Amino acid sequence: MVMFTMTRKETVPFDGQKPGTSGLRKKVSVFKQPNYLHNFVQSTFNALPADKVKGATVVVSGDGRYFSKDAVQQIIIKMAAANGVRRVWVGQDSLLSTPAVSAVIRERIGADGSKATGAFILTASHNPGGPHEDFGIKYNMENGGPAPEVITDKIYANTRILKEYFIAEDLPDVDISVIGLSSFSGPEGPFDVDVFDSTTDYVKLMNDYHSFMFLYISVSIFDFESIQKLLSCPKFTFCYDALHGVAGIYAKRIFVEELRANQSSLLNCTPKEDFGGGHPDPNLTYAKELVARMGLGKSSSQNEPPEFGAAADGDADRNMILGKRFFVTPSDSVAIIAANAVEAIPYFASGLKGVARSMPTSAALDVVAKKLNLKFFEVPTGWKFFGNLMDAGLCSICGEESFGTGSDHIREKDGIWAVLAWLSILAFKNKDNLKGQKLVTVEDIVLGHWATYGRHYYTRYDYENVDAGAAKELMAHLVNLQSSLPNLNKLVKEMRSDVSEVAQADEFEYKDPVDGSVSKHQGIRYLFVDGSRLVFRLSGTGSEGATIRVYIEQYENDSSKTGRDSQEALAPLARSFCLYAVDVAIKLSKMKEFTGRSAPTVIT
């Protein structure tokens, strides 16, 4: 057995290693600085309880973006060995989607009976990849979910005082392209690196029968047989775009091998370090090829669009759902899944425990929860806030407007799960229509939902890479406006006379109902008497500068008015049907004055 030694290395702290809502994200050039990644990894080990490091099993993988393999082989495996970790589990080629990592932590059992206590996930999610683009790292805990703030705060505190790190420099590089076990011996005993198939555990979770602790019978999450019947129907066509992210390996395994979809149904499903030069963000702006194929946008395909389309981001935790010439907003998507889950998805056959959404997400889910008498929670942005609710048995389905949807089967949002959920709903709605009858479409389902629950017109404006100082000044200005509600309403009325009055203006603050922890400064809200909302928030997922997100929402429960385009209903100077407008939000925030931006980078 190959022996290795532990080496202590002196280092100095780096500024700015504060994890955001989904870990630490910076440019590759920043991460490649000597000791930069080492410092963050050591700070993480130092922040964890000793029994989650010494003798523990840790997963290390990611979305395959540039610098991932070097980070795994040269740094994290060797630092894990030096810090007393007993085993490192690595997905083949260091590929694991973020939801698959959560599944591996929760479900996988090693040949020796071992279970993972956590994971380093190498991803910058929907951010671009490549030598001059973004890299990221985050740590997930034993429940499979992102580290809570009590841990990320410790990590950040450690990064500011770190003086040394430990590494096994003489540990041979492990070939992570080959499945198999590599065993070594070090100062604290044996150390193993187990390279395993990246898709098996996740696919098994989706398809196999399980005895979940809250159910008294064994069920599979999805009924693959019913989905397969839908996909085999000649009238039903399907398209999935992985945007050259890690979702591609799961799409091939699930949609083609398990569900027998045509290989031609898949777009960009070969993972690439630079995501093929594209931006792996599943929205109408960046998923251009899929959007065109689905008959949306100016460059629409001349061919008849598929009935159903979906896209993923780099690490496969986000999703975009499309019908033929039809876009489903993420806020509507989670509400529709929740409304249909008990009937269409075996995992939820015994009922939903509750539902939750992030604060900026539209209130479409709130209406479903009220009508179905479900527990409902509104949390800050960041999937970790859903984890406590799930662990306490309070929440079954949750979602974010930023194309994130998921359930308590794992502790991460899950893009493939969302696609399978929609296919399950379509399969259920069409179970008697597969022999030539007219199919119930994505658009039919959404329009039917609006007719029952009303529609939340919703749009989001993203201003990316704004000067950080200017962004903070803008947010401070918005807080100052909230000091006097009468003055605020006077200002709004001057901008637009047909606007409903502001009933409440505040900074969103969340008290966790499970552990009592309080999260402050989670976004600036203007809540109108008629149920409309304006929300302003600084994003924590970028790698440089700041991203200002502006969320604009209006509720309409008159079914004769729910079929209009969101941009038409919310556009500046729209007819009086629109109770407030995009221009109110822009003028209220003084966006152009503070940032110099006359238009957003992305409109969703």
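Backbone N, Cα and C define each Cβ position, glycine as well.
Noted in TrEMBL for the protein shown:
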- 17-160: domain 'Alpha-D-phosphohexomutase alpha/beta/alpha' (DOMAIN)
- 234-322: domain 'Alpha-D-phosphohexomutase alpha/beta/alpha' (DOMAIN)
- 331-431: domain 'Alpha-D-phosphohexomutase alpha/beta/alpha' (DOMAIN)
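According to DSSP, the secondary structure content of the domain 'Alpha-D-phosphohexomutase alpha/beta/alpha' (331-431) in residues is 49 helix, 16 strand, 36 coil. According to DSSP, the domain 'Alpha-D-phosphohexomutase alpha/beta/alpha' (17-160) comprises 58 helix, 31 strand, 55 coil. Confidence for the domain 'Alpha-D-phosphohexomutase alpha/beta/alpha' (17-160), expressed as mean pLDDT, is 97.
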